[in-house]
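Engineer: Pasting a structure here, questions to come.
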Amino acid sequence: MLVKLLTKVFGSRNDRTLRRMRKVVEQINRMEPDMEKLSDDELKAKTNEFRARLEKGESLDSLIPEAFAVVREASKRVFGMRHFDVQLLGGMVLNDRCIAEMRTGEGKTLTATLPAYLNALSGRGVHVVTVNDYLAQRDAENNRPLFEFLGLSIGINLPGMPAPAKREAYAADITYGTNNEYGFDYLRDNMAFSPEERVQRKLHYALVDEVDSILIDEARTPLIISGPAEDSSEMYIKVNKLIPKLIRQEKEDSDTFKGEGHFSVDEKARQVHLTERGLILIEEMLVEAGIMDEGESLYSPTNIMLMHHVTAALRAHVLFTRDVDYIVKDGEVIIVDEHTGRTMQGRRWSDGLHQAVEAKEGVEIQNENQTLASITFQNYFRLYEKLAGMTGTADTEAFEFSSIYKLDTIVVPTNRPMIRKDMPDLVYMTEKEKIGAIIEDIRERTAKGQPVLVGTISIEKSEVVSHELTKAGIEHKVLNAKFHAMEADIVAQAGQSGAVTIATNMAGRGTDIVLGGSWQAEVALLEEPTEEQIEAIKAAWKVRHDAVLAAGGLHIIGTERHESRRIDNQLRGRSGRQGDAGSSRFYLSMEDALMRIFASDRVSGMMRKLGMKEGEAIEHPWVTKAIANAQRKVESRNFDIRKQLLEYDDVANDQRRAIYSQRNELLDVSDVSETIASIREDVFKSTIDNYITPQSLEEEWDIQGLEERLKNDFDLEMPIAQWLDKEPELHEETLRERILENAKEQYLRKEDVVGSEMMRNFEKGVMLQTLDSLWKEHLAAMDYLRQGIHLRGYAQKDPKQEYKRESFNMFATMLESLKYEVISVLSKVQVRMPEEVEALEQQRREEAERLAQQQQLSHHDENALVTEDPNAPATAERKVGRNDPCPCGSGKKYKQCHGRLQ
């Protein structure tokens, strides 16, 4: 009560914001006469003047009145269109890091030119984000003359464009593109192998059109770049044939023991190591098989992947036993859990081990798709310094915009009062009766010349209505969001007298339905039309337009309620643009998904109380209220799912930002030798610690183990035992220093062979490649962790906390593995000539190009906590027991979480 009283006195926050902005609109209007007096050249010169003022330290906000006045005047001269005062308000809202709710037909595209121009003055780039490629191209081309008149460059970012063209588009002052393409470019930039391969600049200002669709409807589904984990099935088969010829020896070679075998096994570490004889034999066999050239070494830079195949095949034969570690069923290798003995369907070993086991068993080698990079829209758009958006329907989701994106929603008033007549819902008992009533309504409306737009929630439903209309002999067009450009033309003509158009929710979004049809579309069909022809077309359109208005304007029919009130409002918003007449009505039945699941008992009870019989419709405020409550339940549930997904993705996001930041630093420097030296010291110190415990007695040292480890993992032959025998004065500290110094000397000898510049490039390449490889594996491990984490709820543990803890441990392990693998590869590689390093670099570039061509871009629920069709009824899945863990992943019991909503 008190809040209502205070709002009456002081106005709502929305009112106060608009009141403040209206004062600036008055300033802009006062400048209009002065702007009109400027010549074209003087008006164009304003852009450079504003840029100079910004450089001198003037704030962007202080330029708003003048900059908006310049854009309005330029628009009058270029387009013959003057920004309304409400469009100026919308422009200020968008510059203020807010979401502007502007009704359909209020000119959102023209409104966006104001903040886009203002924020482009800094030269740091503006990204205008649309829902599809057609709209991105259309808006860019429509606004290009205005921006170019003002001296700004325009870029269009489309899928499939080559990198140089993309770079040029991003270098422009204002770039138009789709949400998917911006996100994929960000991920691809963070997979680049040189600074020149990147296309995006720093993310400065994003202006999102249809912001509710992009930041809410698509927020549950991450963008994923995946690629086949390298197709080497032939190589696995060839190498597999060689392994049975190798003989095992029980002990590692040492100074006192030289065995006859080809490999030894470290059971504890589950690793297999080739002996000197084994290496010679395998190299001979690889040459005989035509896999390797004669005179080459398995440890040469170009054969790193081949060495990987040999190791994987050895491990598959020696360490993994059929019917113990795995079973073979229906031609597939299935892992057996060593702790439970249960089979783990769908799980695969990493590092090529699974393929090596498949080659050993003679089954088909599967090349699985591997996630190379992924990000949610929530986390991508939060990377921008400044974010704003516009839509016709945002107010119902204002809380979500505020809590997740820190964006306030401001409802911008319409230019003319809204006079559309929104009629109460009609509810029928069955689907059949409802469709019959819809057909009758369409027949009546078209008979008097009123155009009708029928909105459906799915393609399947639109086909049902279309079939019934065809049976009734009523001409109509069907749209279902597959051909955006063609649909925009059909939607533009959907306001013709008596036209009937069936559309799913997203079809033709972004295009206004003009009463009487679009005269511009008719003009576009003529080749070089004369002024007389254009005037004749306009006059004929005016007659049609007035006739449609007299018939009642565009009539909207909703065939059922959506899960979200916002989407229903979007459908209604197609009618009544710019103060035109119009009407809308939703037809429902007790068989509709939403009614059946959420509102059935209450509404059925009302129907019985009101004495409703089959064949009759009910129209009552109670029913409308019950349906609105049902929609609120679904909206609340979906918001919680998105919030839950974000909380999980935030953990991955922190790690992603750390890795990408490190990777970009690595790309931007040419010399990583200091980093390598620091990593080398860390790796050798921790390796020594495993065999010589700090501050321990000499009798406790495992010198033989340390020598073997240095030989196997770093290809370093160090006679540590001999040093200790010959030099009694060597103690723990001096021994550690001797080992580190020795490792450094051997490494520097390689540098002497190939030259420092070549070695620096090689070090950088190895670091990037190893980082990418381990990050991919880490992403897969995080996927597996997330899929099973909800089960921790059964143990009374909070799955979110468990996920944070485990993913942090996994990340720390990955960083340690990164250090170890980089030093291991750099130590083992035998370089004799600079050409060998260059050959390896060339091999890496070719591999990167091959993978880029095979990348698959997907935007679906692969990583989502709850995977569901957005059009499916909200709880059509298996009924959850009241005491079961809640499927949202919170760890609470269902009755204490989302069960309370039902």
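Heads up, the Cβ atoms here are built off N, Cα and C, so glycines get one too.
Feature list, courtesy of TrEMBL:
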DOMAIN    3-619  domain 'SecA family profile'
BINDING   Gln87, Gly105, Glu106, Gly107, Lys108, Thr109, Asp512  ATP binding site
DOMAIN    89-247  domain 'Helicase ATP-binding'
REGION    849-902  region 'Disordered'
COMPBIAS  892-902  compositional bias 'Basic residues'
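Looking at the shown structure, what environment does each listed feature sit in?
Structural biologist: A helical conformation is recorded for Gln87 (ATP binding site) in the three-state DSSP classification. Remark: Gln87 (ATP binding site) has Glu106, Gly107, Leu110, Thr111, Leu114, Asn415 as non-local neighbours, by Cβ distance under 8 Å and separation of at least 6 in sequence.
The predicted model assigns the domain 'Helicase ATP-binding' (89-247) a mean pLDDT of 89.
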Engineer: Using the Cβ centroid of Gln87, Gly105, Glu106, Gly107, Lys108, Thr109, Asp512 as the reference point for the ATP site, which residues of the same chain not in that list have Cβ within 8 Å?
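Structural biologist: In sequence order, the nearby non-listed residues are Met102, Thr104, Leu110, Thr111.
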Engineer: If you run the three-state DSSP split on Gly107 (ATP binding site), which class comes out?
Structural biologist: coil
Engineer: Can you name the residues of this chain that are 6 or more positions from Gly105 (ATP binding site) yet have a C-beta less than 8 Å from its C-beta?
Structural biologist: Asp512, Gly576, Arg577, Gln578, Asp580
Engineer: Might you list, by sequence position, any residue in that chain lying six or more from Lys108 (ATP binding site) with a Cβ less than 8 Å away from its Cβ?
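Structural biologist: Long-range Cβ contacts: Gly90, Ala100, Met102, Asp209, Met390, Gly392.
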Engineer: Should Asp512 (ATP binding site) be counted as helix, strand, or coil on the basis of DSSP?
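Structural biologist: DSSP assigns Asp512 (ATP binding site) to coil.
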Engineer: Long-range neighbours only, meaning 6 or more apart in sequence with Cβ under 8 Å: which ones does Thr109 (ATP binding site) have?
Structural biologist: Asp139, Asn142, Asn143, Asp209
Engineer: Between Glu106, Asp512, which of the binding-site residues has the fewest other CB atoms within 10 angstroms in the structure shown?
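Structural biologist: Per-residue Cβ counts within 10 Å for the binding-site residues Glu106, Asp512 bottom out at Asp512.
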